[in-house]
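According to Swiss-Prot:
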type: ACT_SITE; residues: Tyr139; note: active site, proton acceptor
type: ACT_SITE; residues: Lys177; note: active site, proton acceptor
type: BINDING; residues: 11-12, 32-33, Lys39, Lys54, 75-79, Asn92, Lys143, Val169, Lys177; note: NADP(+) binding site
type: BINDING; residues: Asn168, Arg179, His186, Phe200, Gly201, Glu202, Tyr203, Arg213, Tyr292; note: substrate binding site
Amino acid sequence: MTLIVTGAAGFIGSNLVKALNERGEQRIIAVDNLTRADKFKNLVDCEIDDYLDKTEFVERFRRGDFGKVRAIFHEGACSDTMETDGRYMMDNNFRYSREVLDVCLAQNIQFLYASSAATYGGSSRFVEEREVEQPLNVYGYSKFLFDQVIRRVLPTAKSQIAGFRYFNVYGPRETHKARMASVAFHNFNQFRAEGKVKLFGEYNGYAAGEQTRDFVSVEDVVKVNLFFFDNPDKSGIFNLGSGRAQPFNDIASTVVNTLRSLNNEPALSLAEQVQRGLIEYISFPDALRGKYQCFTQADQSKLRAAGYDAPFLSVQEGVDRYVRWLFGQV
């Protein structure tokens, strides 16, 4: 049977295509928008059955042009949290997703989709409950609104619907995201270009570089998606983060030490890195004051209750792997 991946040339989508290939799956229809043509590089080492532009996909999907479809991994979206064109964002992330969902429900196709931790916005709790969801931008709202649709249809759906609230994902195949790429990606490039990594200084009671995020490797994101793909009886909206908040200092320090290791230099403590000027703290920008999350951490209770029991990579493990991959691409 056929599998469909939307956003297939993007960060998470291309990692899913590659992982499906490694399982022997090649009857994959890749759907994307290659207006930004450089994304094609993410699919060069992947095997797909066909490629479709997103503008023609839904109508052909509705008509049944692809025969028997087992599942769709719906990763296609505008993920730029700085996008201010609300009409574009809602058409791309909400309306388009509803159309894909409607076809899946009508044809009993597994529907696994990308939600986002941006649905929580200014909340201090990160549990999949309506009362703690406070999106701060139109991107978060587009994901939040679609999740509300899912909550309404879940009780009567006859096929799987699984949504994943991605936290701060990092890993291979994100180069095309440019300024929206992960902190690890930018730290890697900054250190290679300038010989140091710059982090925000003290803010809102957090010491320099100690603001925290739930950083999750794309390796783990793919594993969770495939777990639900293999278990079509499990539905719901699930946080997809490591469940562990770690400071930006951990990212920067791991990037520095991994690059030092690749240069046959010994690892240094964070204090030594700061003392040597390898990590530098800059004043917290006035433009971000009052708009910046100093802490995120996925509550994994619902994910674990669904039966996913594999451990998640720590920043030290995942970023080390990622930096070595990036270094190999240079």
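Along the chain as shown, residues are numbered 1 onward.
Every residue, even glycine, has its Cβ placed from backbone N, Cα and C.
Features as recorded by Swiss-Prot, highlighted on the structure.
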| residue | record | DSSP class |
| --- | --- | --- |
| Phe11 | NADP(+) binding site | helix |
| Asp32 | NADP(+) binding site | strand |
| Lys39 | NADP(+) binding site | helix |
| Ala77 | NADP(+) binding site | coil |
| Tyr139 | active site, proton acceptor | helix |
| Asn168 | substrate binding site | strand |
| Lys177 | active site, proton acceptor | helix |
| His186 | substrate binding site | helix |
| Gly201 | substrate binding site | coil |
Query raised in the report: Max Cα-Cα distance in Å among Asn168, Arg179, His186, Phe200, Gly201, Glu202, Tyr203, Arg213, Tyr292, the residues listed as binding substrate?
Result: 23
Query raised in the report: Which one of the binding-site residues (Asp32, Glu75) has its C-beta surrounded by the most other C-beta atoms within 10 angstroms?
Result: Glu75
Report task. Whole-number Å only: compute the distance from the Cα of Tyr292 (substrate binding site) to the Cα of Tyr139 (active site, proton acceptor). Result -> 16
Query raised in the report: Where does Tyr292 (substrate binding site) sit in the DSSP three-state scheme?
Result: coil
Query raised in the report: How many other Cβ atoms sit within 10 Å of the Cβ of Lys39 (NADP(+) binding site)?
Result: 22
Report summary line: Rounded Cα distance, in Å, between Lys39 (NADP(+) binding site) and Lys177 (active site, proton acceptor) is 9
Query - Separation of alpha carbons, Glu75 (NADP(+) binding site) and Lys177 (active site, proton acceptor) (Å) - result: 14
Requested in this report: Mind telling me which of the binding-site residues Phe11, Tyr203 has the densest Cβ neighbourhood, counting other Cβ atoms within 10 Å?
Outcome: Phe11
